[in-house]
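K.L.:
One structure, pasted below without further comment.
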Amino acid sequence: MARASDIDKAAGVLRAGDLVAFPTETVYGLGANAEDSAAVARVFQVKGRPPSHPLIVHIGDAQQLNDWAEDVPATARLLAERFWPGPLTLVLRRGRRVPLEATGGLETVAVRVPGHPVALALLSAFGGGIAAPSANRFGSVSPTTADHVRAELGDTVDFVLDGGPCEVGVESTIVDATSATPSVLRPGGVTREDLQAILGCPLAVHSTSRVRVPGQHPSHYAPRARLVLVEPEKVVAEAELAQERGRQVGVFLPPAFAGAAVKAHAVVAVPASMAAYARGLYGFLRELDQRGCDLILASLPTEEGLGLAIANRLRRAAGPRPAE
Ligand code: TXA
Ligand code: MG
C-alpha cells in the first residue's frame, strides 16, 4: 500500500512531466499533469491510444470545478455535490486551463473527483489536475490492481502507486452535463437509478459514446481470448460443445447454475451480488487469459443497477476485433 513518502514521490514525478499510475475506486489510472501538453501526449503514446480519444481530468474537490470547466449548469453542480468524491465523470465546457491535447481537440472536458484515499492524497500533494485514462493498453482490460498495471505497461510508466485492489471495479459513469437535459455516455459505478433519483427525471443512456473516433473498433475492454455471449441456460452445453471441438474454454458460470458440473478448461463462478461481480469482472477476464483460454463464454446480467455497466463492458469485450 502507498505510504506518505510514495505520495510525495508520485507528486514529484507528475511535476517533472512524467507519468504515474495511481489507484482510484473504479480502476487504476495512468496520470499526467493535465496542464503539461507533452506529458499528456506521452499518455497517448504509452497507451497506444489515438490522440483524438479524450482523457478524464481528475481533480481534488468540487470547489476546483470552475478552474477546469466553464458555464457549469446547476444540474452538474447538483450531481457533483451528491456523487463526488465517487465514480461519476461530468462532461462540461472546457476551461482554458485544459490543453486541447487532453480533450482530443474537443471544446468539452470530462472531469471527476475520484473516491479513493490514495488518489485524493496524490491530488492534494500535487495540487493540480491529473489527466488520466485507465492504465491499460488501448482496447484491453482495465487494471484493478497494481500488478495488473505492471503487467500491462511494464517500464513504460515512471511510477506505480499501489493502493490495493479497486473497490468498484468498473469505470466511472460518464454524464454529458453540457445541456439542460443530461444523458449517460457510459454506464459505470454510479447507477442510472441513483442519478435519476437525484435529477427527478429519466436519463437517456447512449451506450456508444457520442465522441466518434474514426477507425475505432467496437471491441474494447477485451481479453486476449475471444469472448462470446450466450443465454445463461445454454452456457454449460455450449462450453462442452466447444471444448469437444478442441477449444480451451473459459466459462463465466451464472449464479443460477452455481455448482453445476461443467466440462471446460477453466470456470469462474459469477457472484450473485452485482457489486461483487463488478469488482471482480476485469480480474476474471485476466485470470481466464492467464490460464490459457482461447474462448470465454459469458451471459449478460439483468441491466439494472451495476448490471447495466457490467453488461455494457461484456458487450464491448465481445465486439468484433480489428483482424476480423
Ligand atoms: O473510472 C474511470 O473513469 C477511469 C479512472 C482512471 O478515472 N478512467 C477511465 O478513462 O476510464 P478512459 O480514458 O479509459 O475512459 C474515458 C472515457 C473515454 O471513453 C472518452 O471517450 C470519454 O471518457 N471522454 C473523455 N472526455 C470526453 C468528452 N469531452 N466528451 C465525451 N466523452 C469523453
Ligand atoms: Mg479505458
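Placed from the backbone N, Cα and C atoms, the Cβ positions cover glycine too.
Below, the features straight out of TrEMBL:
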BINDING   T26, H58, R112, A132, S142, S172  L-threonine binding site
BINDING   R49, T108, S134, R186, Y221  ATP binding site
DOMAIN    4-190  domain 'YrdC-like'
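Tell me about the setting of these features in this model.
P.N.:
Classification of R112 (L-threonine binding site) by DSSP places it within a strand.
Around the Cβ of S134 (ATP binding site), the same chain contributes V27, Y28, G29, L30, S142, P143, E171, each under 8 angstroms and 6 or more positions distant in sequence. Secondary structure at S134 (ATP binding site), taken from DSSP and collapsed to helix, strand or coil, is strand.
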K.L.:
Consider only the binding-site residues S134, S172, Y221: which of them have a Cβ under 6 Å from an atom of ligand 2? Write none if no residue does.
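P.N.:
Passing the 6 Å Cβ check against ligand 2: S134.
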K.L.:
Relative to ligand 1, which of the binding-site residues T26, R49, T108, A132, S134 have a Cβ found under 6 Å from one of its atoms?
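P.N.:
Those binding-site residues that pass the cut-off, since their Cβ is under 6 Å from ligand 1, are T26, T108, A132, S134.
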K.L.:
For R186 (ATP binding site), just give me the three-state DSSP call.
P.N.:
strand
K.L.:
Quick one: among the binding-site residues R49, H58, R112, R186, which has the most Cβ atoms sitting within 10 Å of its own Cβ?
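P.N.:
Its Cβ has the most other Cβ atoms within 10 Å: H58.
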